[in-house]
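Swiss-Prot annotations:
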- 123-200: disulfide bond (DISULFID)
- 21: N-linked glycosylation site (CARBOHYD)
- 28: N-linked glycosylation site (CARBOHYD)
- 39: N-linked glycosylation site (CARBOHYD)
- 334: S-palmitoyl cysteine (LIPID)
- 110: site 'Important for G protein-mediated signaling' (SITE)
- 130: site 'Important for G protein-mediated signaling' (SITE)
- 1-48: topological domain 'Extracellular' (TOPO_DOM)
- 75-87: topological domain 'Cytoplasmic' (TOPO_DOM)
- 110-124: topological domain 'Extracellular' (TOPO_DOM)
- 147-165: topological domain 'Cytoplasmic' (TOPO_DOM)
- 189-211: topological domain 'Extracellular' (TOPO_DOM)
- 237-264: topological domain 'Cytoplasmic' (TOPO_DOM)
- 286-300: topological domain 'Extracellular' (TOPO_DOM)
- 323-370: topological domain 'Cytoplasmic' (TOPO_DOM)
- 49-74: transmembrane segment (TRANSMEM)
- 88-109: transmembrane segment (TRANSMEM)
- 125-146: transmembrane segment (TRANSMEM)
- 166-188: transmembrane segment (TRANSMEM)
- 212-236: transmembrane segment (TRANSMEM)
- 265-285: transmembrane segment (TRANSMEM)
- 301-322: transmembrane segment (TRANSMEM)
């Protein structure tokens, strides 16, 4: 077996290292099929300024996304009123985003150095996390959309189906289903020496010209197209239902809440699709045998990949702007943190003032020498 797909998933398109100049790549290079030749290298080919820009973007996304997603998970765990079915799915999405954001410093280092310096174990770990995130995110968004469909179109059935415990069970099933992809990919992944550089790769079995396209197209279908189709059907039915009746639950307040949550889920799904469509399309094109042929195209691919990771730090911002409960909890957390800091400063000032006063008093009571 030869290493075909640089993994994690972002490397499927253009790999971990370009061999100096794209014009030097030929269909016979390393025995790779033509549509996978750009899996040879990217970092050594890109200008240093561009690499630094991409690395800076990765690190900014990492820091902002970790803070936001950890806050989302804390709020859901801390407040009982936040443990709704929808928020349980949001917790799962935040968990998947947090895990993949933790891999960005390693990816950024790989981009900057032009090779993988972290060894075989971390290679397998990063590969597994990246694939887990890809599938758990799309599966969770699909589950959220089906959940909203049941709430809007089948409100009576929703009373029994839409519970926190059942949402948790669905989340467990999502991670178990993601294992079907993640474990084999992690097993196939390894850090290997390719063309005098260490690369983190997934080995595709022979015949490579058959399994390579099958791998890429399967990823495209099961991690993107099929979930998006299911989501589209759910929202088409919901929109028809929302336009067909004035009151869904008999209460205007409950109706406003239903529509608000549905709008939140729709926006989260739309942003996800917008962020991931470019890189997913490139994966499909690459899998079908069409390869990019210029430095500009490779740079665009890299930024499209970065856009996919930007999605992981956008979700907490969307929750803060579109959901009143999250907004209130975020505000409460920030105010409590600010109040705690003020109290610490105040206590410190009082302590210093007390020490100064005590020192002055001691000085005054000391008898002067005759």
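First residue shown is number 1, and so on along the chain.
For all residues, glycine too, the Cβ spot is worked out from N, Cα and C.
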Sparsest-packed of the listed recorded positions (123, 200, 334) - C-beta count within 10 angstroms:
334
Counting Cβ pairs under 8 Å that sit 6 or more residues apart, are there three or more between the transmembrane segment (212-236) and the transmembrane segment (301-322)?
no
Among all the protein chains here, how many other CB atoms are within 10 A of the CB of residue 130 (site 'Important for G protein-mediated signaling')?
23
Just give the helix, strand and coil counts over the topological domain 'Extracellular' (110-124), going by DSSP.
10 helix, 0 strand, 5 coil
Length of the line joining the Cα atoms of residue 110 (site 'Important for G protein-mediated signaling') and residue 200 (disulfide bond), in Å:
9
Beyond the flanks of the transmembrane segment (301-322) by 6 or more, those residues with Cβ under 8 Å of it
10, 13-14, 42, 46, 50, 54, 57-58, 61, 64-65, 68-69, 71-72, 90, 93-94, 97, 100-101, 104, 111, 133, 260, 263-264, 267-268, 271-272, 275-276, 278-279, 282, 292, 330
When counting C-beta pairs under 8 angstroms to the transmembrane segment (265-285), the leading stretch of 88-109, 125-146, 166-188 is 125-146
For residue 334 (S-palmitoyl cysteine), the closest of the recorded positions by C-alpha position, picking from 123, 130, 200, is 130
Among all the protein chains here, how many other CB atoms are within 10 A of the CB of residue 110 (site 'Important for G protein-mediated signaling')?
25
Tell me the Cα distance separating residue 200 (disulfide bond) from residue 130 (site 'Important for G protein-mediated signaling'), rounded to the nearest angstrom.
13
